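> Below you'll find the structure I mean.
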Amino acid sequence: MSYPMNRRAYAETYGPTVGDRVRLADTNLIIEVERDYTTYGDEVKFGGGKVIRDGMGQSPITNKDGAVDLVITNALILDWWGIVKADVGIKEGRIERIGKAGNPYIQDNVDIIIGPGTEVLAGEGMILTAGGIDTHIHFICPQQIETAIASGITTMIGGGTGPATGTNATTCTPGPWNLYRMLQAADAFPMNLGFLGKGNASQPEALVEQVVAGAMGLKLHEDWGTTPAAIDTCLSVADDYDIQVAIHTDTLNEAGYVENTIAAFKNRVIHTYHTEGAGGGHAPDIIKVCGQPNVLPSSTNPTRPYTLNTLDEHLDMLMVCHHLSPSIPEDVAFAESRIRRETIAAEDILHDLGAFSMISSDSQAMGRVGEVILRCWQTAHKMKEQRGPLPEDSDRQDNYRAKRYIAKYTINPAITHGIAEYVGSVEPGKLADLCLWRPALFGVKPEIVLKGGMIAWSQMGDANASIPTPQPIHMRPMFGSYGGAIAATSLTFLSKAALKKDIAKKLNLQKPAVAVGGIRNLSKRDMKLNDALPQMEVDPETYQVRADGQLLTCEPATILPMAQRYFLF
């Protein structure tokens, strides 16, 4: 016997289905459900008088015989590959399947088995995404990690040793001893972590030493001297050891211009940090490298998106981060050369075109570690407001734009750094690093952050209350953030050479150590939905930016969504 439900009643009970639309936070972005893996009339839901009970939606099957450890029911998945409604089964910390959950003895088409050993997370009316990946971390203080995971980031890649002067300016963990100590410190945090060694050297020996000691990649930074010789040496070592190189190029053009740097790449793949240039790089035209097929370009979030306040705040930030003095004219000139309204405005549009592939933070070194996700979606909102729907979208929904922008902080950073086998998307086989969001708070404050299939952080009310919801409600660490659960649900990323040398055992690391790989044959074409290769031109006098001959310019935003109304308390 069928029971008809109108769309509103159905969505309020089981979440949106095919054809339903959802607004992302208070932005102008609308996503529409493309497919529903669940079965109408046979959905599973937990609660009093609901379906997931013994003999109904819950089978007697043991976990050993196939029941999952955790099921997320009726979630709306937003990922680069699609926007779908589904149940998600998690087993032994990894995504087992995306599909239809239930009891196969009494329900049809069940591919996620619920048993007595299965925990339930209600995903009805919630958006499920992969945990974010921030690939531009200055490890200045450990509190960054708490702030990052509370915002929905589950993987952090970068360098540093704490608030040392070198770390404040550059994302490098230099030398074996420093790498060892940071790898040991990583065991304390419910976060996947990987460290970049210092890549600035004209001879390879010291670089190889760091890679073998555990660096998952190398970082070239102008404050250490990013000369063509250093670039060539670093990339040669990377080719030998299958690791990624990140680069912050020569703002002052002392050792050469952007053309010299591109020539030094010799068509080898490289990750260019803050490719617009305000964070550093050849002035005024480092932005041109986003048109190179071997360059994987990212932004950092202080310039995301271009607003009335962007230029004003940058000068002071830059002076502090790069150990400059406002009383030295040359230092002031150096700082001012990096901050250009024309290239920052163009950066907005290049993201919307898919020519810039990633967004990261530049944590405490001009960027805000807890705002990677937020500023990505603010950029998407601003671009829709100023440029209208993308050609692939319509007046009804913004699915393609949403997929393009979520790829910038999930799958593309994972591919770039050789870790997409483990993280970066909501796909079977990957670590269950997932975020559940209320649509009204999407991109701003996650409801629950899962690390390796266990709740690590969550919105939580007063611990002395009779129920979980009395205020003050804010993000707090949960059981996945304590004791041995940390090592059981997180990863440490190393080079293949370090793994072969058994560095993890030598240092008695508790987290599983896994090797990065598949990096040196990458190109811009591997960047999901963000692989555009425009012909770039920058006027050296006016700083005007053109892509394929078209002037890229836009007005600064005067007001943004996902901002003060969400942070009154």
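Using N, Cα and C of the backbone, Cβ positions are placed for all residues, glycine too.
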> Among Lys50, Lys219, Lys445, which residue shares the Ni(2+) 1 site with His136, His138, Asp362 according to Swiss-Prot?
Lys219
> Among His248, His314, which is the one Swiss-Prot gives for the Ni(2+) 2 site where Lys219, His274 also bind?
His248
> Could you check the binding-site residues His136, Lys219, His221, His274 and say which one's CB has the fewest neighbouring CB atoms inside 10 Å?
His221
> Compute the centroid of the Cβ atoms of Lys219, His248, His274, then list the same-chain residues not in that set whose Cβ lies within 8 Å of it, in sequence order, for the Ni(2+) 2 site.
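Output for this site, in sequence order: His136, Thr170, Thr171, Leu220, His221, Glu222, Ala246, Ile247, Thr249, Thr272, Tyr273, Gly279, Gly280, Gly281.
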> Of His221, His274, His322, which recorded positions come within 10 Å of His136 (Ni(2+) 1 binding site), going by C-alpha to C-alpha distance?
His274
> Counting distance between Cα atoms, which of the recorded positions His138, Lys219, His322, Asp362 is nearest His248 (Ni(2+) 2 binding site)?
Lys219
> Work out how many Å separate His221 (substrate binding site) and His138 (Ni(2+) 1 binding site) at their Cα atoms, rounded off.
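Between the alpha carbons of His221 (substrate binding site) and His138 (Ni(2+) 1 binding site) there are 12 Å.
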